[in-house]
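Shown next, in structure tokens, is the structure this report addresses.
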């Protein structure tokens, strides 16, 4: 559930613009945005966070044909059991990222990790899987683990049939099942993105159809029953609604449709479906409280869920046993979406839910975490729970663009081509070649000759795909060229759009500074010292 962001972090007043163009740009921005007077905080308050913008997603297939940098390499690390890392040898866990063979010369668009399996979507919209498949979660027609990346075929709904299941089948059965699918369906429906639960998988096609497969317990596949399906099956309830975003929890799912509705189904024992009770649902059901909120992205954990709105607000629901909802206290199960007050005043652009902890990244590149901290997964240099969103101070200045939560660890990616992780490290999931857990961010060992495109993680393993070329976010040459597709008029429009976005970021930064000032003053008051008066516009 990732959004697309502008990675150009250059000052809005470009040296290549004439003074008149700069003035016109400023006038347009001021007319477009509702601005407020900016003032500097009290010197005793924390300094503002660095202004940073998240990096773009992997380059498209079109760029892959013309730019060597778009060719990806895929790396995995962490627990190796059941071939989830994409290599035949499973005797030793990987404590540093190791390259997965089979993806050379192609461009990767998106990837996801599940309880014991992994899925990768290429830029040409093909889907490949490998790993654990006891419940058919690979979608290859049977229930045999696979060590090699193998293509999954999403069949048009009218052609979908019940998959053959072979309990205890060997690799020959898997090969036969795959050949049968290929013979009957020369082309798969193009896949937009994929997400993995513990024992199931959900995918969205480029036309907005939703497919699920794997274990069906608690109705998590959305087909009205609890049957195992070892082949991708279209979710009938959603066929008349265009899906624009999907995500999977451990045993439940969330889908956002083009009309703004959020659909939920699967395991609901802890209120994680957001439907007002603790019942399971075996077909998608609308969360009515979110229909008018302008939801843009979603996240599911083990027993709790989140939704981000277009204006950066966050709603959460489900279990709060360890404070993972960030409500300021533990214990209360939240059965319907509730605004997370601890994140008010921030422009949240990404959020991730782990087993019992959560993490969010703002448009300023700041990371906040909360929830269970017994393994240091909150990154605050302590091994205790955090009941309200708290800034990860060790990452201030790192310009974080993406955050992911595993079972009991957390991982972030920065605009500077760095990946950090912290928390439990039993299986090497921190990627730093170490053994012990870490209560503060440590660097994941990354190939310095490539650019990190994206990262993902789940229970106990991680995946990263990289592109050869310069480190850090890049802009395709075709988008920087003056003349041709981007003539002088288009170039001026682009500068105006950048100026508008830059000013919006300044306003959001000011709101965040106000919040940090209030936190600092309140902390001093609790300590019994006079915090003085803080002037804020």
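Just so you know, glycine gets a Cβ as well, placed from its N, Cα and C.
What TrEMBL annotates here:
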COMPBIAS  486-496  compositional bias 'Basic and acidic residues'
DOMAIN    185-343  domain 'RCC1-like'
REGION    471-496  region 'Disordered'
REPEAT    72-124  repeat 'RCC1'
REPEAT    125-207  repeat 'RCC1'
REPEAT    208-259  repeat 'RCC1'
REPEAT    260-311  repeat 'RCC1'
REPEAT    312-364  repeat 'RCC1'
REPEAT    365-416  repeat 'RCC1'
REPEAT    417-468  repeat 'RCC1'
The correct DSSP tally for the repeat 'RCC1' (365-416) reads 3 helix, 23 strand, 26 coil
The mean pLDDT across the repeat 'RCC1' (125-207) is 80
Relative to the repeat 'RCC1' (417-468), the stretch among 72-124, 208-259, 312-364 with the most Cβ pairs under 8 Å is 72-124
Per DSSP, the repeat 'RCC1' (208-259) contains 6 helix, 23 strand, 23 coil
